[in-house]
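Asks: Take a look at what Swiss-Prot says about it:
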type	residues	note
SIGNAL	1-26	signal peptide
SITE	Gly29	site 'Reactive site'
DOMAIN	29-129	domain 'Cystatin'
MOTIF	73-77	motif 'Secondary area of contact'
DISULFID	Cys91-Cys107	disulfide bond
DISULFID	Cys120-Cys140	disulfide bond
Amino acid sequence: MVHSQLPVAASLRLLCALLLLPSATMIPGGLSPRSVTDPDVREAAEFAVQEYNALSANAYYYKQLRIVEAQSQVVAGAKYYLTMELMKTKCAKTTGKPKVYKEIQNCELPPKAQQEKLTCRFQVWSRPWLKKTELTKMSCN
């Protein structure tokens, strides 16, 4: 009795093709790397910096130096996982009129010997159809 090898060969080719697919396409809701220059990532980063400054007890604003890494996850909306570097500025916080992101980014930095840099990890949850964005997690050191 002769058995055809065609179904086995076709199955092996299919298996190899599936293994070559990026892992994010195989796991619904999984994390996917994102470019730090992606407009959605930049918007989430701006929101994170604004919220960090609103929530922190620091007397001075911190501005974004750079986005180190970005990932996203499709949930009910999009969740952005950001690693960012922030730097303390010379702009003091004043009660009643908080600065917006663009104003903070224009703040001067202190002299090099007095500079304080933070590495922060933020999770930003965006649901545009509800016009709602939330900072769901924040840690800086």
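Heads up, the Cβ atoms here are built off N, Cα and C, so glycines get one too.
Note that the coordinates shown come from a computational prediction; the quantities given were computed from them, not determined experimentally.
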Asks: Six or more residues beyond either end and a Cβ under 8 Å away: which residues meet both conditions relative to the motif 'Secondary area of contact' (73-77)?
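Replies: Contacts with the motif 'Secondary area of contact' (73-77): 28-32, 125-130.
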Asks: Going by DSSP assignments with H, G and I as helix and E and B as strand, what are the residue counts for the motif 'Secondary area of contact' (73-77)?
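Replies: The counts are 0 helix, 4 strand, 1 coil.
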Asks: Go ahead and report the DSSP secondary structure tallies for the domain 'Cystatin' (29-129): helix first, then strand, then coil.
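Replies: Per-class counts: 27 helix, 46 strand, 28 coil.
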Asks: Which has the fewest other CB atoms in a 10 Å radius around its CB: Cys91, Cys107, Cys120, Cys140, the listed disulfide-bonded residues?
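Replies: Selected from the disulfide-bonded residues Cys91, Cys107, Cys120, Cys140 on minimum Cβ neighbours within 10 Å: Cys140.
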Asks: Taking 10 A as the limit, how many CB atoms besides its own sit near the CB of Gly29 (site 'Reactive site')?
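Replies: Counting Cβ neighbours of Gly29 (site 'Reactive site') within 10 Å gives 9.
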Asks: Fill in the CA-CA distance, Gly29 (site 'Reactive site') to Cys120 (disulfide bond), as an integer in Å.
Replies: 24
